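Features reported for this protein in TrEMBL:
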DOMAIN    6-62  domain 'Malate synthase N-terminal'
DOMAIN    156-396  domain 'Malate synthase TIM barrel'
ACT_SITE  159  active site, proton acceptor
DOMAIN    404-514  domain 'Malate synthase C-terminal'
ACT_SITE  438  active site, proton donor
Ligand SMILES: CC(=O)SCCNC(=O)CCNC(=O)[C@H](O)C(C)(C)COP(=O)(O)OP(=O)(O)OC[C@H]1O[C@@H](n2cnc3c(N)ncnc32)[C@H](O)[C@@H]1OP(=O)(O)O
Ligand SMILES: O=CC(=O)O
Ligand SMILES: [Mg+2]
């Protein structure tokens, strides 16, 4: 292979020669060379903005909010998004997702995926086969999996990693590649010619980050001779700064935009992170006590629907964490009831569809949106002019109610530690106590503890939350677990929950520890 300045550091992965071709690597390198410096600059700006202490709708973009424009019309494959199943790109789950009856499969290279090199590369292999309808798999027990002919095939929408993560197994001109550009670039290079390069964009904090994605899409389309606007992106509004720039984010991406999604778990994490040392008014109670009906969460989702429909974009609902258990009817009943409530609220509020974490939840979500839509495929025409949301409402965390409790501390440690054990073993999505846990939910657990310790929160039973208390619970929890990753997981958990300097993302120090 000629020297193109790209070095693959990672170990050999089965069929890697099919996706890590010289042409594909050269394409990724081109994107990296063109856009990595802007990415670095935008990450620096995140910290500067937080340090400035200002968080409000931007005066300099008032014209964008006030003027008349719409995003491009939806392509046929994305006009009906009433139920979307999310999940990692692991081969068996990919097939199960494609057979689930959902309208969209969010193929997750982000929070449901540990970016082990093996997962990164095999995810691309699986996406390649999935896009061509040739994906098959035989489990170690001998069960054969293939795509069913009698089930409508969902559109595949790929979620690359966020801007903050590097891919150290691929070096470009001697530095680690931008993870998001590796995920997007490899996928686009191999699959764009099939006509449906669709993406979910996570964890953005500003419209300038959306502009960067838009520039990446335009460059990628130009380079491969793909018609401008073929890429379609749905942006997760899941950080508190982005909630103030929904219109601007859609505007930047308008020729490539499909919609916005209310990513509730990262949103909570972002609020805790952003206001972690801002004092008592910003301390959130136990994770389980903050529901989507909390006033600040309602303000956020209502604003999202209003913004989307004003601009002709899809408003996508989020993930209820309750998952069914085929071996436990009671757990399944509870999950179905919780999901039903959640999806009913979203459908009534005007969302155009929503997420489920498990195939057994597809029917309940579909049924609720079927009733809401009648003969239509979405409710884009439903304007929410009745909604008017202020900055103060988005930031009113006091009115939430709920308490910080002993059970909350125990659960944050337990879930965070168990999740890290799973993540380190290569499984980025885990069912823990019948709830779906992924990187975003684990981030809530550890940042919540950090916030409580640093704001000297006193629990409902009168116990002050101290680093000592968290360490004591951690030691006890660790002793109750076994397996090869427990020690490392506990070390990482202590670091991201307690260290003086707050780690922006737990996956950054954790990534340094994996193959
Ligand atoms: C906050 C956010 O970012 S949300 C988005 C990111 N998170 C996710 O995508 C989580 C997706 N969900 C999952 O990964 C899984 O549902 C879990 C880990 C929560 C639970 O998985 P399991 O413990 O395997 O569930 P369970 O044993 O009930 O699975 C039954 C079957 O459904 C399949 N299945 C479960 N969830 C999914 C899914 N999301 N996609 C495809 N197939 C699935 C399993 O592979 C299994 O198949 P099999 O019978 O052929 O072996
Ligand atoms: O990505 C989704 C979220 O809730 O976070
Ligand atoms: Mg998220």
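Using N, Cα and C of the backbone, Cβ positions are placed for all residues, glycine too.
For the domain 'Malate synthase N-terminal' (6-62), residue counts in helix, strand and coil come to 39 helix, 3 strand, 15 coil, using DSSP. Helix first, then strand, then coil: DSSP counts for the domain 'Malate synthase C-terminal' (404-514) stand at 66 helix, 8 strand, 37 coil. Across the residues of the domain 'Malate synthase C-terminal' (404-514), the predicted structure has a mean pLDDT of 97.
Residue 159 (active site, proton acceptor) and residue 438 (active site, proton donor) have their C-alpha atoms 14 Å apart, to the nearest angstrom. DSSP gives residue 159 (active site, proton acceptor) a strand state.
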